[in-house]
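Pulled from TrEMBL:
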DOMAIN    94-222  domain 'FAD-binding FR-type'
BINDING   Ser157, Arg177, Thr238, Ser300, Arg301, Lys310, Gly338, Leu339, Glu377  NADP(+) binding site
Amino acid sequence: MAHAVGAQVSLSVPVRTDVSLRKSGLKGRNNLSFHNNLWVPFTSLDLGSNNVQSKHQFKVVCMSIQQASRSKVAVKPLELENAQGPPLNLYKPKEPYTATIVSVERLVGPKAPGETCHIVIDHGGNVPYWEGQSYGIIPPGENPKKPGSPHNVRLYSIASTRYGDSFDGKTASLCVRRAVYYDPETGKEDPSKNGVCSNFLCDSKPGDKIRLTGPSGKVMLLPEDDPNATHIMIATGTGVAPYRGYLRRMFMEAVPTYKFGGLAWLFLGVANTDSLLYDDEFTGYLHDYPDNFRYDKALSREQKNKSGGKMYVQDKIEEYSDEIFKLLDRGAHIYFCGLKGMMPGIQDTLKRVAVQRGENWDEKLSQLRKKKQWHVEVY
């Protein structure tokens, strides 16, 4: 039911998952998809009707008419803003925290090579973290190289804000690609060589227990001293995880102490359209915050670079290199996250652009590091 009271509009909105969105094709610019919810701007509903019904479960969102498409979500507990520094290594490998799987959802479409899952974990508020940090996961079973000992810890970048996908500070989300090994001679999958932890996570069911360590990491923390700063985020595949956290904090959550007014510019490199991760969320920000968010995709199997070859993320960087260099000169932060194989191509591109601009790249890189503008986390 929807009704107007003064300058307020109370909306009843059907809850839909991203998977249902993908199946139904509801990816238009008028719909803003959060990870588990689709929030429809008030213009999509007939406010004059008394018969706005849905067979889906409903959630109610109140917003002013002027802010309807830009309404933010209240978060709690706000005490999570009070810490002077990031939480670090609250749980260690010898004494991990036992958390619970809330949900496992396939993120990619049928034409994506491989499977990537969004995994929500309930830590009960006992393993707090900041955006840009990682959790360690200890998969069940024993280490084949050390019989009788547990598996080594695997690190995963956290893909949610400190408040989690349920906005209550009790969950964390991971973006995990299932590691599958194919024998180069037969072309067949060899389960004995598949990634132990990624397959454990992607195969998990709600209610399953999971052992966590951490949180860890300071390199990818989002600098918040200047809420009007520029943040250039470069990712390949699941390297988009920390940026999802940044962007939800900037554009989705109502955090009283952090009002973002700068520029966030995301470059995401994946194989094809079906491989895009969190695309509905990012497209929603683009629609609602066109002055504060830019989003460029490099789809290697669908797009060509200027030389006619496959379009990789470094080709997109080169396309906008003049602008990127000017932003860096003005103090922008630049982040890189993904497979370590992404860095040589990106570094070569930046070096070539610097030479064309009459600059020494090694000196420039040294300055960026010195000023803490350069953030790299690759695996």
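Every residue gets a Cβ built from N, Cα and C, even glycine.
Bear in mind that the values here come from a model prediction, so they are computed numbers and not experimental data.
For the binding-site residues listed here (Ser157, Thr238), the lowest count of other CB atoms within 10 A around the CB belongs to Thr238. On its own chain, Arg301 (NADP(+) binding site) has Ala271, Asn272, Lys310 as residues at least 6 apart in sequence with a Cβ closer than 8 Å to its own Cβ. DSSP assignment over the domain 'FAD-binding FR-type' (94-222) gives 10 helix, 47 strand, 72 coil. The Cβ of Glu377 has fewer other Cβ atoms within 10 Å than any other of the binding-site residues Gly338, Glu377. Taken as a whole, the domain 'FAD-binding FR-type' (94-222) shows an average pLDDT of 94 in this prediction.
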